[in-house]
Protein chains: 6
Amino acid sequence: MRIDNRQLDQLRSISFERHYTKHAEGSVLVSFGDTKVLCTASVEAGVPRWLKGKNKGWITAEYGMLPRATNTRNQREAARGKQSGRTQEIQRLIGRSLRAMIDLSKLGENTIYIDCDVLQADGGTRTASITGAAIALIDALESVQKSKKLKTDPLIGLVAAVSVGIKNGEAYLDLCYEEDASCDTDLNVVMTQKGEYIEIQGTAEEKPFSRMEANKMLDLAEKGIAELVELQKTALDW
Amino acid sequence: MRIDNRQLDQLRSISFERHYTKHAEGSVLVSFGDTKVLCTASVEAGVPRWLKGKNKGWITAEYGMLPRATNTRNQREAARGKQSGRTQEIQRLIGRSLRAMIDLSKLGENTIYIDCDVLQADGGTRTASITGAAIALIDALESVQKSKKLKTDPLIGLVAAVSVGIKNGEAYLDLCYEEDASCDTDLNVVMTQKGEYIEIQGTAEEKPFSRMEANKMLDLAEKGIAELVELQKTALDW
Amino acid sequence: MRIDNRQLDQLRSISFERHYTKHAEGSVLVSFGDTKVLCTASVEAGVPRWLKGKNKGWITAEYGMLPRATNTRNQREAARGKQSGRTQEIQRLIGRSLRAMIDLSKLGENTIYIDCDVLQADGGTRTASITGAAIALIDALESVQKSKKLKTDPLIGLVAAVSVGIKNGEAYLDLCYEEDASCDTDLNVVMTQKGEYIEIQGTAEEKPFSRMEANKMLDLAEKGIAELVELQKTALDW
Amino acid sequence: MRIDNRQLDQLRSISFERHYTKHAEGSVLVSFGDTKVLCTASVEAGVPRWLKGKNKGWITAEYGMLPRATNTRNQREAARGKQSGRTQEIQRLIGRSLRAMIDLSKLGENTIYIDCDVLQADGGTRTASITGAAIALIDALESVQKSKKLKTDPLIGLVAAVSVGIKNGEAYLDLCYEEDASCDTDLNVVMTQKGEYIEIQGTAEEKPFSRMEANKMLDLAEKGIAELVELQKTALDW
Amino acid sequence: MRIDNRQLDQLRSISFERHYTKHAEGSVLVSFGDTKVLCTASVEAGVPRWLKGKNKGWITAEYGMLPRATNTRNQREAARGKQSGRTQEIQRLIGRSLRAMIDLSKLGENTIYIDCDVLQADGGTRTASITGAAIALIDALESVQKSKKLKTDPLIGLVAAVSVGIKNGEAYLDLCYEEDASCDTDLNVVMTQKGEYIEIQGTAEEKPFSRMEANKMLDLAEKGIAELVELQKTALDW
Amino acid sequence: MRIDNRQLDQLRSISFERHYTKHAEGSVLVSFGDTKVLCTASVEAGVPRWLKGKNKGWITAEYGMLPRATNTRNQREAARGKQSGRTQEIQRLIGRSLRAMIDLSKLGENTIYIDCDVLQADGGTRTASITGAAIALIDALESVQKSKKLKTDPLIGLVAAVSVGIKNGEAYLDLCYEEDASCDTDLNVVMTQKGEYIEIQGTAEEKPFSRMEANKMLDLAEKGIAELVELQKTALDW
């Protein structure tokens, strides 16, 4: 049994609170257990300079943690004057993952900014961010379609993400902070709703892992993501 | 009648959600109407270098807005690499205001970090921050007293803050964003629970104001702050 | 009696040296006792991007202290790589105050940069900056009117500023550094030559102040500013 | 056939030039075809603050590209004032990978800095960096053992890294720049000399990939890394 | 004849106003014609980390121009967030030059900060800075000797600096801005009061110069510096 | 005899490896003994904003040292977030020197970026950079002439640079690091192939130097540069 009484292959309690704030075109408070992330999607006319004139849109993401989202307070990145390597790594991952949801050539010259701000952290903030932001993006897309009169629907489909780990040879789904810290290996997987991979990021700081362990983790991630996609669909009333 | 159907001397709907996040010693989600600010108070042993060895504590504040807390998205300060002048002005105000609540010489060599992060903005984010952080600070203080075995209670009393404005010669209490933008003058007042001033900050970008108008605004602020203090006390079960 | 033998309601010795440097359109060395600030006003064609095409002008201010303007040397902000929160707070105040002197819609698409650089500090650098820069602005305005052929005079009138404080229940006008450091409360007031308020900024780090004390300070500030306006007029040969 | 006439499962021409520069304890110029990276390993007594007193060592990595290592010139990061997200992502990956080679608890309180500077880029700069730095690290380790008199050998074993990709359903080993840009998927794999995984990083910007494709890529990476380890051993005269 | 009616070998009108500001241990307003620089020397106990425990002192310099010291306004370096290459080049030159005046091993573990802030620029700001700061340094040294009880006098002697240029084959002494801009070559020379070189910095952006021209310029600089040293001595009542 | 067995007036072993990297229009690995600098010249259409519309070209230079180019590791400037004063001083010198080779009015609206990156440092990195970059610039120029169809040849001629020093009254040519550190004076000279001066930069941190010593150093530099120009010509097959 796990510290929070879950089965090894069981997700934490997942929830999506849509329209959480009033200004953003898409705004979702996503919870993966005690990890809570506010994901907003903001639509702006225009694209970055390097994309101008190509009749395509763009999606980019930024990520932040409130200073006391964690057990001990972290220095505020705005005060420190730069984003950490970890922050940049995560926001690049979120951006790539969400771009896989959209056919950018059907988006018009519009940019959608995804902002994922962690209000409370308990492991898996990047996977919660991706899974929640996917819904915010869909809400924002609807707003683009209304106001910008897109001819065709740019949506390809949902993506969702989950973490898996290996500890003492056993695979764990959706790690909370304590599990994340004690695992030998940590794998983050992003998949489409059709079960194809967008990203696989596995790291073994403690102990290298075998191909068999990799396979176990990929199996478990596939199961978890299929469940997350169902929960996303319910939240979207699909 | 005002755009949100309030009387001129009426506060917006005010709420305090204590223990909003789980890690911080004090954590309050404060709402002044649609303005929602997450205020946390974090206790750390030690004080800044310039205060070392004086057997005193310190309280400091940081302020931030999520990029899409506002009607149009603002660039993330962490990505931009610096905090704006407005942000610095506000966090200095919050820090000074909260230090007035505490006898720092009774706090031991501890620092309390106040973080005010605006999740949704509709005017008055600095006054909501001060009023909400006051409660987070008291919750954190209790935690210090337990763990650090302070001999005497460092709490002096509550502070609260409100904005007032003048428009067409009439004074308005607790301005929402639309009112704030259309007022001739904007005055932010911070007071103790005994009705004494901590800060008065009045600015007339549009039209200078008379002594009589200043008096009207100070009267109205006094009334509003007295009500806010009562609401704080209720939230604290005092 | 005060440490410099002034009456409680007496300004320090005030002087304005116009045309202090040769390049700037307006250039004034202002002294409030031992506080000496070089205020220049520089005219440039064009306005910030957000104001383009509105047929209006703009006035903005920057503030700095030479590293050894003070009793102990401060780190140079240019070397440190950023302006302190205090600096930003002050330059925003100066900018707002001086914009109140001018009808920006009559200025044409021109920007006037106000630079206030403190050569020697002895308290009240922000109030001296505003009071001196007001004269530099008028000198620069004359230069704009000549070269840009403005149709109507954009000048609304003078502004001046002074600090007041409370110590042991008594109000003091125009605080020098030593008084500023020992006061319970410090109020900076900016007014028009007609006696209306542009800014009121009061701070009680040491001890909250009562409404009666606020009134005493506002009375004293009004008296001081009226005198400063007379001195400005003399300097301008009005 | 590939643009450079290789088989799909064939590495580019690989070389390691040890002792390439004279000051560093380890210094290797590694070439993966036209990708050339200078990898140095520098030993310094002491560890970062958070590791002090734990009787452990530390290994950290930094990565950079000379401005004209690429086809069009990139802005120099030192002139721009910050490292890009891509740079930070890569240097974190290199650091984690190399730490897997060493039992840090046997290193004493010493830090080894790995610097990977790309002189010429043609795809796979991060995998070449890891594979070359592994050798520089071993050379530096020898120097530590001599001068610091370590009691036991901290070396666990070699690591090596390679990229693999999928294009039109076929898997390609060790992508050059042109292949990298045209692939649907790009997977970077880091493994130990025993054939266990340290890192798997797969990204599908163009087209999601299936589990079967993931397996093909992992198979190919395993083959390539086994060959790289042999080449490393030869270079080390093992 | 030159634009300001000087002979080719004639200095501009030079003046030194000692004790110009009241806080600094040394404070000199130096004028080379219309170039006016405020030079302060500030004494602080202690030395930079790399010099600790060597029983030596240190002298370092910083340089800045007020934004409107020049004909058109320059962006404030503190607002821009960094010092320009030109600023850094000049302040390094000033520091090296002034260190040549002092036997650092007799200064005790004290640091003297030289700040040269240009109030008005008309060419030759770096040479005026060095020449004026030399006097500020001597005034500060006297203060160190009194308060720190140095056993022996660390002063080696004065330094002074001047610019020379070549235009149409003729050498000019002490260039004003207009001459500086139109010269083919610009040479800055720093010498001791004994007539030895501390620094020679010659630059030919427009047209290379011959050895003969170099000699002409060095001759002229020698003459000018001898005169400057006499003026320094007079200012110091030596 | 010198530590590396050279005569006082003897250059170190000099080599130029042209076309060292494949992407840059000009790419030279220059060696002055153990000092090795990779110099690239990159051509880009367009000029800096301040030069637009003047039908002129521009040449600018950047300089960097790999962190472990030196005996002890230096912090990476990109990680530190700014270039040191020394770096800026050197890159400004390189830029000025190379601009003297070209008639910018014949270059068309093109910019040539010179990048000098020190792979291994043993004194004289700035003089090696200039001497090597001169060749890279010529290679790049050929590429501009081909692709941009310049009507006339913008090349004026070669420049080369060398360091000279004084130690115990004797002049030394082309100082290695150990000599540089122990010299009383260090003079860097940049000259055209016709034997005219572009830059003279002499610094006496340890001991002022006399006119006679300056002359000795200039004589020696002239000899060294004449030899360097011959070596450049050989490398260019002129």
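If you go along the chain as it appears here, the first residue is 1 and each next one adds 1.
Yeah, the Cβs are placed from backbone N, Cα and C, and that goes for glycine too.
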Looking at TrEMBL, C:G124, C:T125, C:R126 are annotated for phosphate. Which of C:R80, C:R86 sits in that same site?
C:R86
For C:R126 (phosphate binding site), the same-chain residues 6+ apart in sequence with C-beta under 8 angstroms from its C-beta are C:Y63, C:I90, C:L93, C:I94, C:A161, C:N188
So how many of the residues in the domain 'Exoribonuclease phosphorolytic' (C:10-140) end up helix, strand or coil by DSSP?
41 helix, 43 strand, 47 coil
Distance in Å spanning the most remote Cα pair of C:R86, C:G124, C:T125, C:R126, given for phosphate
13
List of residues, in chain order, with Cβ under 8 A from that of C:T125 (phosphate binding site) and at least 6 apart:
C:T35, C:V37, C:M65, C:I90, C:C116, C:V118
Other residues near the phosphate site, CB within 8 A of the CB centroid of C:R86, C:G124, C:T125, C:R126?
C:Y63, C:I90, C:V118, C:A121, C:G123, C:T127, C:A128, C:S129
Here the binding-site residues are C:R86, C:G124; the one whose Cβ sees the most other Cβ atoms within 10 Å is C:G124
Counts by DSSP class (helix H/G/I, strand E/B, coil) across the domain 'Exoribonuclease phosphorolytic' (C:157-224)
20 helix, 29 strand, 19 coil
Mean pLDDT for the domain 'Exoribonuclease phosphorolytic' (C:157-224), as a whole number?
95
